[in-house]
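Features reported for this protein in TrEMBL:
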- 11: active site, charge relay system (ACT_SITE)
- 57: active site, charge relay system (ACT_SITE)
- 57, 263: O2 binding site (BINDING)
- 57, 58, 165, 182, 236, 237, 263: urate binding site (BINDING)
- 57, 165, 182, 236, 237, 263: 5-hydroxyisourate binding site (BINDING)
- 265: active site, charge relay system (ACT_SITE)
Ligand SMILES: O=c1[nH]c(=O)c2[nH]c(=O)[nH]c2[nH]1
């Protein structure tokens with residue numbers, strides 16, 4: 001005998017763009033990639049070739065467009081994702097859980113004479129804002145709960161000073177030399193958890209949660225850039241922890257935050273074969289070879305919980 005351990009499906013990479021025309025003449029613009037996955041009493045499509053309860057992924061794409069048109073939360077990815085998620089578990093008796101992931105592309109207002117233009121935008125970065133929610137009605141349609149994560153990814157940064165890596169473990173496998181000054185470059189991926197408190201969440205609650213998702217995103221992005229630039233780094237690990245600490249200190253509604261930081265290496269080549277040019281000691285190193293792979297990869301997840309006692 002075999003049994004189906006997981007059944008989950010939906011539409012991925014639904015591309016949707018939305019204009020909001022404001023009363024003051026300004027316009028807002030959002031461009032999202034949306035993924036919606038549903039779970040529930042849906043197994044028969046897998047196990048019995050029976051599609052009776054199968055909400056088509058095409059309808060899921062249509063619903064995403066309809067919500068982009070009608071949701072009052074469309075401008076805020078976390079709230080938009082919650083709205084879509086609540087819809088599926090309330091509209092369909094046989095859908096018990098819905099996961100929604102939104103990736104927002106970076107369109108920023110064009111500054112014209114130092115003023116943000118009301119309706120013209122520039123893609124000023126490959127970094128994305130992300131939102132991931134899971135809306136759960138497995139305990140019943142009157143006990144809908146949700147988890148919500150904000151995030152940012154692909155934020156590429158580099159600094160040329162105030163980064164060192166010294167006093168590390170040395171053994172028979174070690175060839176790395178300690179370095180008091182080096183290039184530090186990473187592509188920041190980060191997610192933070194925002195607890196959604198109502199024991200029973202409805203679509204009408206989403207505007208009343210009292211959570212400013214935009215302000216939290218801006219705070220995390222600002223802190224990430226600030227700490228990266230100003231922390232005199234002893235390691236990627238230490239800089240990462242400093243970022244987490246400040247985000248949690250500044251944002252009481254964030255319960256925990258996780259960064260994943262590749263250490264994108266820049267190696268100073270030995271140029272001494274040419275007229276004795278000095279380029280390898282930190283104080284001489286000016287020319288570097290950017291290295292695509294491998295990179296270091298540093299992960300840290302920091303929460304407010306007291307650490308569990310070590311046995
Ligand atoms: O910041 C760093 N952390 C490491 O763990 C490490 N390991 C390494 O080779 N270089 C670095 N840099």
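Each Cβ is built from the backbone N, Cα and C atoms, and glycine gets one as well.
For residue 236 (urate binding site), the spatially nearest entry among the recorded positions 11, 57, 263, 265 is 263, judged by CA separation.
The number of other Cβ atoms within 10 Å of the Cβ belonging to residue 182 (urate binding site), over all protein chains shown, comes to 21. Proximity to ligand 1 at the level of Cβ atoms, with a cut-off under 6 angstroms, picks out none of the recorded positions 11, 57, 182.
Checked against residue 237 (urate binding site) by C-alpha proximity, the recorded positions 11, 57, 263, 265 yield 263 as the nearest.
For the 5-hydroxyisourate site, whose annotated binding residues are 57, 165, 182, 236, 237, 263, the maximal Cα to Cα separation is 50 Å. Residue 11 (active site, charge relay system) is 7 Å away from residue 58 (urate binding site) when you measure Cα to Cα. In this structure the alpha carbons, written CA, of residue 182 (urate binding site) and residue 263 (O2 binding site) are 12 Å apart. According to its DSSP assignment, residue 182 (urate binding site) is coil. With a 10 A radius on its CB, residue 165 (urate binding site) counts 20 other CB atoms from all the protein chains. Under a cutoff of 8 A between CB atoms, and with a sequence separation of 6+ in the same chain, the neighbours of residue 263 (O2 binding site) are 184, 185, 186, 236, 295, 296, 297, 298.
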